[in-house]
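What TrEMBL says about this one:
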- Glu207, Asp208, Leu209, Lys210, Gly289, Gly290, Ala291, Leu292: ATP binding site (BINDING)
Amino acid sequence: MKKEKSNITIDLGNNNTILTQGLSNMLTAPSVIALESKTQSCRGVGRAALDMEGKVNGKLKIVRPLKTGVIADLDAASKMLKELIKTLYPEKSFLTSYNEIIAAVPYGTTEVERRALRVAIGQFKARRNWLIYEPLAAAIGMQLDVSEPEGKFIIDIGGGLTEIALISLSGIVSYTALRVGGDSFNADIKQYMERHHLITISDKTAEDLKLNMGTVSLSVAPPHESYIIVGKDHLTGIPKRVEIHYRELVAAFSQSASKIVEAVIRTLEICPPELSGDIYYQGVYLTGGGALLRGLREILENNIKLEVHLDEDPLSTVSRGMRIALASSKAYKGMFFK
Ligand SMILES: Nc1ncnc2c1ncn2[C@@H]1O[C@H](COP(=O)(O)OP(=O)(O)OP(=O)(O)O)[C@@H](O)[C@H]1O
């Protein structure tokens, strides 16, 4: 077996975990695990566990082991990773050692949070384990030359966390993290429905609404103007059908969208003037699944008056960056750490 085949990259996100093995094998799964309440043994991971969410009886519990981009439940995260790696790499026994493993971590994490990730990946007994900061991996994934002295301004809107970073000479010069991301928009929808339509809706309904009809700008209209949803009436407890117009979602999203725009402006303000010129000429680079929400790129552009380049596949940018970095580790090893 060729050496690079046993290299693994791990992007353990709030919503999605992306694993790659070697150069071509990739697995994307929701970051969810179903555990037996009594024994804590795994009853399903990824899509299978997500499909059980909200429907289980007392014998099972559905756990999302990540919160705001870091491990909140180490045991569940370790079990979830073990099961997902088995799916990715079925021919390899758990006892055989891997070559190199690299995992991405938000720049703003504490040592304790990083230690949890090290423990979770340590179970695979690879020859070497590495960590890399997410904004660096995202920039590499977007084919940017992070080693040059020209500044690269990255905005990564994940599920639970938005990271904004200015990169130069393979390091992070300015940084802001914000606990707002794709999931905040779902929470906004749920809150709006509670207040304005007096119904409670499920997480899945909120996500469907966001994907099908969500926009943060009236000038970026979704394919359909309105959408019918079913929720639970506050007063009667009986299921109720409501028609929602996309304008309502623009209103619901306005605060979270403004928080992201304000954080971007704040980070631009603290950038050293030597690098501001680079950002002016190059524009800023946008990635993360949350960045796919309609109108976000446009409202950023309108507010900062700079070009905003949205990655072509923002859900996998960090994973792609790690794969590139591990495959050319001589060039990138300075950005890896243990
Ligand atoms: N087409 C889309 N429109 C709007 N939002 C989307 C779209 N596709 C995915 N998302 C959102 O992207 C988010 C997940 O993005 P991503 O996978 O980058 O985050 P993550 O890595 O799991 O989270 P984090 O980086 O915070 O740990 C979810 O909130 C999801 O709803």
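Every residue gets a Cβ built from N, Cα and C, even glycine.
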Sequence-ordered binding-site residues from Asp208, Leu209, Gly290, Ala291 with Cβ under 6 Å of an atom of ligand 1: Gly290
All-chain count of other Cβ atoms within 10 Å of Leu292 (ATP binding site): 20
Residues satisfying Cβ distance under 8 Å from Asp208 (ATP binding site), sequence separation of at least 6: Ile229
Among Gly289, Gly290 [binding-site residues], residue with fewest other Cβ within 10 Å: Gly289
Protein Cβ atoms within 10 Å of Lys210 (ATP binding site), excluding its own: 24
Taking residues Glu207, Asp208, Leu209, Lys210, Gly289, Gly290, Ala291, Leu292, which bind ATP in the record, the widest Cα spacing (Å, whole number): 16
Close in space, distant in sequence - Ala291 (ATP binding site), Cβ under 8 Å, 6 or more apart: Ile155, Asp156, Ile157, Arg297, Leu310, Asp311, Pro314
Among Glu207, Leu209, the one of these binding-site residues whose Cβ has the fewest neighbouring Cβ atoms within 10 Å: Glu207
